[in-house]
Amino acid sequence: MGNNAGGLYALTEEHEAIRAAVREIAEREIAPHAAEVDAESRYPIEAQKALTTAGFHATHIPEAYGGEGADPIATCIVIEEVARVDASASLIPAVNKLGSMPLILSGSEELKQAVLPSIAAGQAMISYGLSEREAGSDAAAMKTRARREGDSWVLNGTKAWITNSGVSSWYTVMAVTDPEQGAGGISAFVVHADDPGFAVGPKERKMGIKGSPTCELYFTDCTIPADRIIGEPGTGFKTALRTLDFTRPTIGAQAVGIAQGALDAAVAYVKERRQFGKAVAEFQGVQFMLADMEMQIEAARHLVYVAAARGEVGGPDLGRLCASAKAFASDVAMKVTTDAVQLFGGAGYTADFPVERMMRDAKITQIYEGTNQIQRMVIARSLLK
Ligand code: COS
């Protein structure tokens, strides 16, 4: 629980040291490739190597499984600082957390020992398979099935929009084991890319986060050992939603990072750009825009850290707080990146500057890990219950 007793938070010297270390790596080894990664829709392999070498690829994994055991705020800071230069690359630590949280929260000790050390060591990554084409916001409407056969589970179906698919070795997959039970008939499993009957589809062509592959997963009599189930049969949907309570703040952190990157670029640009005989930074209208961007980012950052810290102690308002952090920060990222493009004028609309990429990347943070409409539903349900 450390510094976050009661769910309150304070940033420590260690947090600031982590921020400085990640920023240095991000600027030196990730930022120089970000435009090319986006233009070519290629995986940011340089970022993966740099983050893995420095131990920033999956900081949340507990020490018992060879990880850093970093607190949730530290993990948010890592994601934030990587997203500040390249949102696609920030999905390496973010999706490693998303894919492994079901296991950390609900898996057997044996399964944790079988999977988590490879992720902590940077030998493998893990993705999260909940959504299907016809089961996005209504996640419990999934059709992928898993049936028990002797010492195995056999999976059939298709998962959609799976982040980092193809580059991950492990996949947490939610599937229906008892169709009579609705959400209570869904179970969670860990599938390995080499398991028979598992395949990854072609890459989606996307608006943003182009460096992070998004594909379908195909299960055709995909056969896995019986002990790859996470928790008891029928607990998978709850595990999947509980996971999101721990990872929606990390998407908030990604959004804060994207927004900060756009503000930093805009501040530098308006000091250089001259019109009407002076730097555009000297116009009060521009200054007010910058001030609004700064206020929103700082507010989002603190809400994200509060929500992340609350995960360590739980409480009835955890889901509401995490939904608030994700929705607020991602709305801020969309607004701030759009304003950054505006401050760059015509130049901002071209790929010569990073702000148009940041604006495209920001959009997904309002959609994935639950649309912001779903976040507002979660918040309102919690208020009204
Ligand atoms: N933690 C643990 N359990 C939870 C939970 C949470 N945060 N939220 C809900 N549950 C439980 C409920 O208590 C319920 O169990 P009981 O029937 O035993 O009470 C069960 O899970 C089903 O919950 P609910 O009835 O609320 O499910 P709905 O089908 O109404 O769905 C929403 C709830 C819409 C909030 C959920 O489907 C959701 O978050 N959808 C978005 C999915 C998403 O984020 N997709 C992105 C994928 S990751 S890129």
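Including glycine, each Cβ sits where the backbone N, Cα and C put it.
Pulled from TrEMBL, these are the features on record:
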DOMAIN    12-123  domain 'Acyl-CoA dehydrogenase/oxidase N-terminal'
DOMAIN    128-222  domain 'Acyl-CoA oxidase/dehydrogenase middle'
DOMAIN    234-384  domain 'Acyl-CoA dehydrogenase/oxidase C-terminal'
Rounded mean pLDDT for the residues that make up the domain 'Acyl-CoA dehydrogenase/oxidase N-terminal' (12-123)
98
Looking only at the domain 'Acyl-CoA oxidase/dehydrogenase middle' (128-222), what are its DSSP counts of helix, strand and coil residues?
10 helix, 47 strand, 38 coil
